[in-house]
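Engineer: Feature annotation from Swiss-Prot assigns disulfide bond to C67-C292, C79-C91, C112-C154, C296-C320, C488-C492; the stated evidence is sequence analysis. Residues annotated as N-linked glycosylation site in Swiss-Prot, with sequence analysis given as evidence: N23, N37, N53, N78, N180, N300, N498. For C554, C561, C564, the entry in Swiss-Prot reads S-palmitoyl cysteine, with the evidence type sequence analysis. According to Swiss-Prot, the signal peptide annotation covers 1-16, on the basis of sequence analysis. What Swiss-Prot records for 17-529 is topological domain 'Extracellular'. Taken from Swiss-Prot, the feature topological domain 'Cytoplasmic' applies to 551-565, supported by sequence analysis. According to Swiss-Prot, the transmembrane segment annotation covers 530-550, on the basis of sequence analysis.
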Amino acid sequence: MKTTIILILLTHWVYSQNPTSGNNTATLCLGHHAVANGTLVKTITDDQIEVTNATELVQSTSIGKICNNPYRVLDGRNCTLIDAMLGDPHCDVFQYENWDLFIERSSAFSNCYPYDIPDYASLRSIVASSGTLEFTAEGFTWTGVTQNGGSGACRRGSADSFFSRLNWLTKSGNSYPTLNVTMPNNNNFDKLYIWGIHHPSTNNEQTKLYVQELGRVTVSTKRSQQTIIPNIGSRPWVRGQSGRISIYWTIVKPGDILMINSNGNLVAPRGYFKMRTGKSSIMRSDAPIDTCVSECITPNGSIPNDKPFQNVNKVTYGECPKYIKQNTLKLATGMRNVPEKQIRGIFGAIAGFIENGWEGMVDGWYGFRYQNSEGTGQAADLKSTQAAIDQINGKLNRVIERTNEKFHQIEKEFSEVEGRIQDLEKYVEDTKIDLWSYNAELLVALENQHTIDLTDAEMNKLFEKTRRQLRENAEDMGGGCFKIYHKCDNACIGSIRNGTYDHYIYRDEALNNRFQIKGVELKSGYKDWILWISFAISCFLICVVLLGFIMWACQKGNIRCNICI
């Protein structure tokens with residue numbers, strides 16, 4: 001019994017020599033916030049890395065309708081732009097209209113004499129970009145022919161009619177003289193003249209309308225000349241007609257002259273359209289037009305333009321995000337996410353940023369957790385938090401600025417290529433999209449890498465700042481924590497947080513405690529010997545008690561032990 005008491009006293013004395021068992025020390029850990037479920041983003045080095053927060057950069061849906069503000073959107077309804085320009089009777093309501101964006105519907109149809117335009121897309125684009133159907137009639141003199149020809153295929157009201165912007169010339173009496181007409185451009189703007197040639201379905205129709213068996217139309221300026229000969233022959237019937245009209249156009253520059261020479265089959269201009277330069281355009285869409293505001297329009301409907309990229313449609317009008325192939329690209333706007341471990345040892349010790357993040361810290365990105373004589377606590381470090389936020393704020397705007405600047409340069413260059421080599425138009429467009437899709441992914445990956453690196457750097461800066469403050473008064477425990485070798489109450493912890501900690505005040509106390517602790521650590525062999533001796537004696541006493549019990553039981557006859565030799 002005396003031996004046991006002595007061992008207990010010795011063990012108590014050994015542990016009582018450890019200064020850390022009292023209120024003379026504190027533990028301070030640095031960490032960053034975390035969330036239970038982060039967002040995966042892509043960086044240069046990782047395809048998937050979890051961050052606390054991220055912003056989607058790709059607009060993937062439209063609002064389902066076309067907004068009529070801030071752009072003037074003109075609904076073509078049942079008319080195509082070309083029919084409205086030519087003056088198809090059912091499109092008369094569009095005469096002299098203006099637009100920023102002309103919407104062509106899939107339900108649009110022609111309701112006049114059947115025609116074709118050899119380069120339909122180019123004429124459509126020229127008129128669309130002009131943004132107006134403003135027309136000026138001119139006094140062409142057509143001598144010896146009959147003007148204002150009409151057709152039952154093109155009725156205006158109950159009467160046979162024709163395109164209102166064209167003048168169909170046929171024979172007068174039994175003659176069709178050669179026509180030579182000139183029209184100078186004395187204005188300071190370009191004039192667009194629309195004219196055509198009629199292709200009869202039979203030779204009989206040719207001579208019946210124009211006398212000559214084969215007509216000819218030549219339209220010239222100082223810069224160009226077009227000579228067209230009619231192709232006589234039957235074609236599929238359209239609105240009761242097997243003949244056709246081919247539509248052409250000529251642009252006359254200021255100071256130039258329009259010359260028309262024909263001996264038959266001429267569909268003459270009545271005047272000109274004033275050419276204008278601007279940002280007007282045309283779009284095929286069946287989306288409804290509504291009263292709302294959106295600066296970006298696609299055939300699917302208007303879309304918000306607060307993101308740098310979109311995956312809704314390649315065709316856009318206005319200030320729109322750039323089209324890319326990816327459905328999603330996420331820009332990291334938070335730090336690397338390391339969810340907090342729910343179980344950390346049997347004593348629930350606090351841990352620093354090396355081990356994991358802290359989900360409970362909601363008032364800042366970086367902060368402190370401490371354990372001292374007054375208990376435990378947590379506080380955010382607003383300065384380092386603000387430093388990180390300031391660097392991340394504006395990333396989205398910078399991405400938009402970079403994409404806009406680069407895109408306009410590429411778009412201008414590609415437009416020149418498309419204008420010269422029409423066969424490369426689709427190839428160039430696809431290449432442009434591929435290029436931007438790659439650039440977008442690379443740009444976002446670079447920005448995400450930068451965000452994660454800078455937020456990690458702010459954590460390290462805070463750790464180094466704290467270490468420099470504490471100096472020899474504390475020891476780095478690893479894992480982002482410090483063991484402070486002096487009594488550090490909440491006010492002391494607060495001074496460390498706000499940078500006013502004076503290590504000289506606590507230096508002597510810290511050194512004294514550190515030496516005591518280190519002294520015990522240096523004599524750890526002595527403590528270990530006592531523990532081993534205590535363990536051995538305890539085992540010996542247990543064996544003695546067990547042996548005494550067996551002998552007592554044998555004497556009482558409760559246990560019989562037979563030994564056979």
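Glycine too: its Cβ is placed from the backbone N, Cα and C atoms.
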Engineer: For the topological domain 'Cytoplasmic' (551-565), would you mind checking the mean pLDDT of the predicted model?
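Structural biologist: 65, rounded to a whole number.
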Engineer: Need the DSSP three-state call for C492 (disulfide bond) to compare against my parser.
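Structural biologist: In the DSSP reduction, C492 (disulfide bond) maps to helix.
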Engineer: Taking each of the glycosylation sites N78, N300 in turn and counting other Cβ atoms within 10 Å of its Cβ, which one has the fewest?
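Structural biologist: Among the glycosylation sites N78, N300, the lowest count of other Cβ atoms within 10 Å belongs to N78.
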Engineer: Cα of C488 (disulfide bond) to Cα of N300 (N-linked glycosylation site): how many Å, rounded?
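Structural biologist: A Cα-Cα distance of 65 Å.
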Engineer: What is the Cβ neighbour count of C296 (disulfide bond) at a 10 Å cut-off, with all protein chains included?
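Structural biologist: Excluding its own Cβ, the number within 10 Å is 22.
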Engineer: Distance check, please: Cα of C154 (disulfide bond) against Cα of C91 (disulfide bond), rounded to an integer number of angstrom.
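Structural biologist: So the alpha carbons of C154 (disulfide bond) and C91 (disulfide bond) sit roughly 12 Å from each other.
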Engineer: Would you count the other C-beta atoms found within 10 angstroms of the C-beta of C554 (S-palmitoyl cysteine) for me?
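Structural biologist: Total other Cβ atoms inside 10 Å, all chains included: 12.
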Engineer: Count, for each of the disulfide-bonded residues C154, C292, the other C-beta atoms lying within 10 angstroms of its own C-beta, and report the residue with the smallest count.
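Structural biologist: Among the disulfide-bonded residues C154, C292, the sparsest Cβ neighbourhood within 10 Å belongs to C292.
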Engineer: Select the closest residue to N498 (N-linked glycosylation site) from the following recorded positions, measuring between CA atoms: N53, C91, N180, C292, C320.
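Structural biologist: In terms of Cα distance, N498 (N-linked glycosylation site) lies closest to N53.
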Engineer: Counting only residues 6+ away in sequence within the same chain, which have a CB under 8 Å from the CB of C492 (disulfide bond)?
Structural biologist: A26, N372, Y501, Y506
Engineer: When the Cα-Cα distance from N180 (N-linked glycosylation site) is computed for each of the disulfide-bonded residues C67, C79, C320, which gives the smallest value?
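Structural biologist: Result: the closest of the disulfide-bonded residues to N180 (N-linked glycosylation site) is C79.
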Engineer: Any same-chain residues 6+ apart from C67 (disulfide bond) with CB under 8 Å of its CB? Would you list them in sequence order, or say none?
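Structural biologist: Result: V73, I289, D290, T291, C292, V293, S294, I297, S302.
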Engineer: To the nearest whole angstrom, state the Cα distance for the pair C554 (S-palmitoyl cysteine) and N37 (N-linked glycosylation site).
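Structural biologist: Cα of C554 (S-palmitoyl cysteine) to Cα of N37 (N-linked glycosylation site) measures 68 Å after rounding.
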